[in-house]
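Visitor: Per Swiss-Prot, the feature domain 'Ig-like C2-type 1' maps to 127-217. Annotated domain 'Ig-like C2-type 2' per Swiss-Prot: 227-312, in sequence order. What Swiss-Prot lists as N-linked glycosylation site is Asn31, Asn41, Asn51, Asn287, Asn291, and the listing cites sequence analysis. Residues annotated as topological domain 'Cytoplasmic' in Swiss-Prot: 387-433.
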Amino acid sequence: MILQPSALLCLSSLWGVIVQASQGQFPVTQNVTVVEGGTINLTCRVDQNDNTSLQWSNPAQQTLYFDDKKALRDNRIELVRASWHELSISISDVSLSDEGQYTCSLFTMPVKTSKAYLMVLGVPENPHISGFTSPVMEGDTIQLTCKSSGSKPAADIRWFKNDQEITDVQKIQQQDSNGKTFTVTSSLVFQGDRKDDGAVIRCRVDHESLTSTPQIAKQVLEIHYTPTVRILPSTPLPQEGQPLILICESKGKPLPEPVLWTKDGGELPDPERMTVNGRELTISFLNKTDNGTYRCEATNSIGQSSAEYVLIINDVPKPLFPTTIIPLFTSATVKTNVAMSTRTTKSAFITKDPNALPGPVATDHALIGGVVAVVVFVTLCSIILIGRYLARHKGTYLTNEAKGAEDAPDADTAIINAEGSQVNAEEKKEYFI
């Protein structure tokens, strides 16, 4: 029997419709993950359905919903949507026992199914740190253990000291008796050090179920240690006649008791000048007898420590030149001398020795040079004035003994500038002696 081409075309079209219909009548589901105690939706969709029923069943093959009819009496299971193309249900307060494969069935001939795996995350319990007994002595071994149970999958534990992560740790995980969750334990071992006193050790649990903030346990370290001592002087160069304060700075835990001050291995020799106030030693007036070694000793319940300070008193520095100035001239003369001193000083700076040492010595030399210049100037002025005075009063002077002389012009007068050969004498002046 030979089929006509038209019949073949009809059979081909019918087969395509059947295949397409069979592909559109296949249920589609998705795997879901939920945190223990949460709510989840299970959805089954069919693109093309010829009024065929849909059904959801749990891992125990118990029917939950058949179309819109509830089959299992469980108040946690509710219908979300039911149609020929979709069947959606919700499960609230999910527990670990709800985990498994859920099946959506499409009742065609034969029945078509699709499976969705429900994964339930176990939330880890709050961590707890054990193994620390306060206080710990410096140098002792400290072992801290952080433990958290109920996580699924197993949680991760991380250690931090203040804000710095510690990676040298040991981790152990064990499965709980329910066969689903895990208990995670991590240990941290280190030596107690004074710098760790007051430090905060944090144990943090990281898990995919903790979407907001991680769970953290804290432990504050308390380390006891012997005191550390140092002495701080109030001045780096103590001088004779000045006061001095020595501060004894001590740190320790527990806090050190009041410090003890000694000098050269004995008590303080002069309690009137040397007073102790708390951690400070005050010497009101230094003298050479105070030289020596001062010791500050601090003690607590752990031990004792001390520091020493060697006191060497320096002499008070003396000025290189006296600073007293004796006034020699009147105010008018001082004005003139100051001007001359300025000019002389300027000249001295121009011609000063280039090898001269800088500083106060050069300044004193300039001052002395100015004073010498003023003295020389005044001396020269005095010589000039005296010379002019003598030149103007040159002549012959008669005394009382010459009154009886015959050649005396006048016994009561003295003639100045009256030489016998001078005919054109301009002026004669007489003075009584």
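Note that Cβ sites are derived from N, Cα and C of the backbone, with glycine treated the same way.
Keep in mind that this is a model prediction, so the values were computed, not measured.
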Visitor: Looking only at Cβ atoms, how many others are within 10 Å of the one on Asn31 (N-linked glycosylation site)?
Guide: 11
Visitor: By the count of other Cβ atoms within 10 Å, pick out the sparsest of the glycosylation sites Asn41, Asn51, Asn287, Asn291.
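Guide: Fewest other Cβ atoms within 10 Å, among the glycosylation sites Asn41, Asn51, Asn287, Asn291, is found for Asn51.
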Visitor: Expressed to the nearest Å, what is the distance separating Asn31 (N-linked glycosylation site) and Asn51 (N-linked glycosylation site) at their Cα atoms?
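Guide: Just about 26 Å between their Cα atoms.
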Visitor: Tell me, what is the mean pLDDT of the domain 'Ig-like C2-type 1' (127-217)?
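Guide: 94, rounded to a whole number.
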Visitor: In whole Å, how far is Asn51 (N-linked glycosylation site) from Asn41 (N-linked glycosylation site) when you measure between their Cα atoms?
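Guide: With the alpha carbons as reference points, the distance is 23 Å.
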Visitor: In the three-state scheme derived from DSSP, which category covers Asn31 (N-linked glycosylation site)?
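Guide: DSSP call for Asn31 (N-linked glycosylation site): coil, neither helix nor strand.
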